[in-house]
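One structure below.
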């Protein structure tokens, strides 16, 4: 059981660790050779071309005296300017931290002013210490565990629960309204983008007489005759993309050995082994080997390009369809196209940067099976993960270590070491267990077939939140508390067990305090060091960089990481709302996390992170829903806690809280969520009208023609080859006479053939 001394030692260690991280960062960021790592965003935007101070090292001692100067600098940029600089997604992500401060700062003040005196002025735990199966610390005296059974003081908790709920709902509504308006304003004011005019069409029905491209063109010329502009069919270019990546890696090795040879004054040719990992096998000339491999892969790429263009099996029953106006795209994306709701499915196309190209080749009919399989896999991952976490957590305690290694008792019973183990080890172990989880969840999301990176991250974030709820919260609070009182469970009568749980659950607050300090204090401070990108950049810079373009490619600033960052924030919302009426001592630790994380991530967004897509804060309804879920869980747990405390007369007063909270959520969902899932036709028409007035001669078709061409057909080293392939993709379909009625009813010239439809004369002659 952690004491105030143990928590103090853990807090001191984490504060010192965070402070050391900040000092190291302050030194590293001032060095010119690290400038492209810690200010990479300014380089990518073309606003910075060289370090602020010349040379290899910064020798200006005055610069080191202001090692925390980056904190106020990170807060100076106004929000509107930050939106222009980093995008709305980044700004709204930062507002989640601000929302945490706005919610928990007043709650913490109220809880410490009202609930802490109510808890502290009892003597329940002092009397319980006389029993063999009950242990408590000074921290537990600040919790609801120190209130005796049947006490009238529980009325205070009910009043505080109502106050906390009302304040949280008020702040959620206010924030939802602000962000919905920010989204609508951002969408109305942002520059022209291809996705504003484009929809993704899935499940195009097969036809033996026409290709997918012909089918798509005919369908939209018939059903959207005045608005259809162009389309681009989806190709299965995954194998081609793999070959392109393979050639890039081989080219990097070739460049490395050529550079190594040019720097070698002895003129000894570099050699390489062909066996496993270059550790065994035949030894050959490295430059000649990689030149041959690059040439061989280039030929494979050329052959695969031809296969993708010529083989109709490489064309998927899907297409990006572009329209002449935003209004027409909005109508198409938000309506049903045919009587059969399983065919010609339309949705907003992701912006080109957001498209996850490998999943476009996934057959639509397999998506349901894939998602069902991943749901089952996630279920087993979530619930079977409890076993190793519980086992290792049991070992990460004084009692667990003494059981496994009794000979260490003399060492770990030492005052300082005991405090470190009690106040730090369990939180650190849990943090280590969760390191690989985000990668696993992202792989599962990719397998499910989502076509946008933003959707992949949102899906992964949703599952990460559920995992945290089950394994980090429920497993530790309920199962962990029960295991701590296992002996008393075995020795008590059934009617005494709820009382034990009621006392034990609030005591788990000490574990979460240690976890918040490890993950939320030292972890956030470590984020600003960017150790992994720093090491990778210098390795690339030392071995692979030859030109300025190579140096730019060596920078890998990354992005916010919504799939990991947002679930982490939601865990702190959950802990804060659950423990606010139970153990208010946890709230200051959460406030420190929100304040520190806001400053750190604001600095990173301004100077480092380069968001790879822009969804205009489409994730906010998920954020709102998870906070509502946390609020309901806190109400239900408080209700159960009052029942175990024999406050049965007080518990019914809380029943209304979940009902009110759910009603509030339904109100917000109906009032504000449409702004995040639909695009108002009025806004689309206004923007189209304004654009026509400003640019009457805009060549929109030329702007959209190649916007959704697969990246392997764009740019690269062989631009001439890519241009020829693009031309083939445009001309690969020749409209031929057919007996299909859709062909006869096409009321406009074909985009590809340029010839008039046979029905034009009939239509012009007004024959029905």
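Yeah, the Cβs are placed from backbone N, Cα and C, and that goes for glycine too.
Per TrEMBL, the range carrying the annotation transmembrane segment out of 344-363, 444-463, 464-483 is 464-483. Cross-referencing 376-396, 502-522, 523-543, 544-564 with TrEMBL places the feature transmembrane segment at 376-396. As annotated in TrEMBL, region 'Disordered' covers the listed stretch 738-768 rather than the other ranges in 707-737, 738-768. Within the set 36-55, 56-75, 76-95, 96-115, the record from TrEMBL flags 96-115 under the feature transmembrane segment. Of the listed segments 416-443, 612-639, TrEMBL assigns transmembrane segment to 416-443.
Feature annotation (TrEMBL): of 292-322, 571-601, the stretch labelled transmembrane segment is 571-601.
Of the listed segments 6-28, 121-143, TrEMBL assigns transmembrane segment to 6-28. Mean pLDDT for the domain 'CSC1/OSCA1-like 7TM region' (370-642) in the predicted structure: 79.
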